[in-house]
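Note sheet for the following structure.
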């Protein structure tokens, strides 16, 4: 019986090639998108789920309670030891400092940038990063030792045994390789590939590990714990961490500093704590994938019912010969299964071909292998069954319930094949989804353009940023002089961070003779006296910083002065300030500029000279002869730092990276919107085909009575004008609500105007008009003699 169903179904599909092709194409596109979205969502949901006892692993994070609450992944350096020695709620406590892009060299000729981590030995007990060589019991316990991944070992040593080999970290720290870690899986947020003992951090970066410094921290100085099985995180949050605050902070700072536990499962998804994405973005992707599959299924239903009248005599004959409803139903299900099965094969191949582009867009490492991935295989089988029954059940039931006498006489009515109501509703749904995606695309595009092109309050164009591996005063002065002498260079400055950075820590602030710290924290940047003129930041009161290598003077921004409650900007000039525990004099007030993304309001900020922190150099250039200028930079920089790796970047490109995730979201929605429109057009074509089949004789009569081609085209167009209008009325309010919520994540944002919604409906109308015209013109031009010859 089944083989008979398949044989008949194959003949039918082969006979109606255009019908088969349209269904296969639309289903293939919808399923391919669903596969890619499932793979993407599953990839993110699997982050750091491979660690043993993952439900007991937590990161301690910092909350700063000022006039508002801010969050940091970092904690003060003494936190780990205080927690380990003072409390017995955790069986493992691991401190770690993540330092990205450090120069690790085997020889002057063989050096590469690597992400380095200084970690306690217990860090490897908390996390499952197994050793393939070396002793895990002694790993990271001895100073000047290192663990490297298999990839790094291959990179430096090839096939040689790496154990006992010597590596140089940033040209200063010499370490011996004592172990090799298995290569890190793609699904972990901890990407360091060179691990050094935490005790070596004092030698490498002493400013990060001041032993008793509880009021300062760095976002990369983190502490992880593994709680004992009988201890709950709620108890630690409610009792242990507040007890640490009370013990190590005075009354004022105890109100400011709060510590909490973050579950490991939340690390990847919490943007407040530098998570990669939010789970709501993943569910948005999943919903879009569902929409695309639904629109593809709608196409199938529309085209199948459009073909139903053409198959009425076939069904009548089968029923007259004794076929039962069930047999007819399963015959159509078999046809649907053949189309869906073929579409599934094409969809998997298409998804595989598109995967490299998705990986490039999102900078990830997705792998598509249904035979090795049980979850993906189960998803494909489940999706195939859903598509077959959702697409085939309704047309199959319609065909099965045809009355044989009416079917053989060709007198079936529209109602017998389901009428227009359901199909119109399905087309409305399709175009509502398309318009929702189009509106979202337009709004995201406009907001990102605004964020990237708006005046940020400083010079961001034609600024080249170079690293400074060694910030000794003599080297900085020499490098600055050599760069200034290059053709096309307008200004050179040294600093710890450019005007706009994605993350910037804040610290305590005490003004003048006030007895306590201010209720707000202040962000701090270190830059020399050329920082202000290089980035063209206006001084509104007072003067610029004087040349110096140490903290002595401060510049505040307008927001900081307003937060102090002073009536005039001049009121701060010459007053004392203690920032981050260091005293100085306020000598000027900068005009506010955006030193973070447009998602964040401008906050209190200070700028001071502090040579020990300078790690970057900014060069304002004339881009007329860019290649020659950059070549000169490389020559001067390499001569100054021969053991380091030369790199450069542009400030405006750095700022664009603030919106990297939004840009990736935009690309994905653009692609899905285009696919949704194309699939929707196929569905529209199906409904026009149905109408043309139903109105063939009506069109013939109208033409005999003198109707013009234009009036006949309007006969089709007016139906779909109503459908598009209904779709717009459904999509516009939903799009307004969804995109308003998205825009609310930006403090500085565009306003939603009617123009975006008008443009969206115009795009949809234009595409629909072309689709309807393609099929309706053919019907309008048909010879009425042929359509009426049987009357």
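Easy rule for this one: first residue shown is 1, then count along the chain.
Heads up, the Cβ atoms here are built off N, Cα and C, so glycines get one too.
Fair warning: this is a prediction, and the values are worked out from it, not measured in the lab.
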Range annotated as transmembrane segment - as stated in TrEMBL, picked from 375-400, 401-426, 427-452, 453-478
375-400
From 689-709, 752-772, the residue range that TrEMBL assigns the feature transmembrane segment:
752-772
Take the C-beta pairs under 8 A between the transmembrane segment (282-306) and each of 21-45, 327-355, 723-740, 752-772. Which stretch has the highest count?
21-45
Report, as numbers and ranges, which residues of the same chain sit near the transmembrane segment (752-772): CB under 8 Å and 6 or more residues beyond its ends.
431, 434-435, 438-439, 442-443, 446, 677, 681, 684-685, 688, 716-717, 720, 724, 727-728, 731-732, 735-736, 739-740, 743
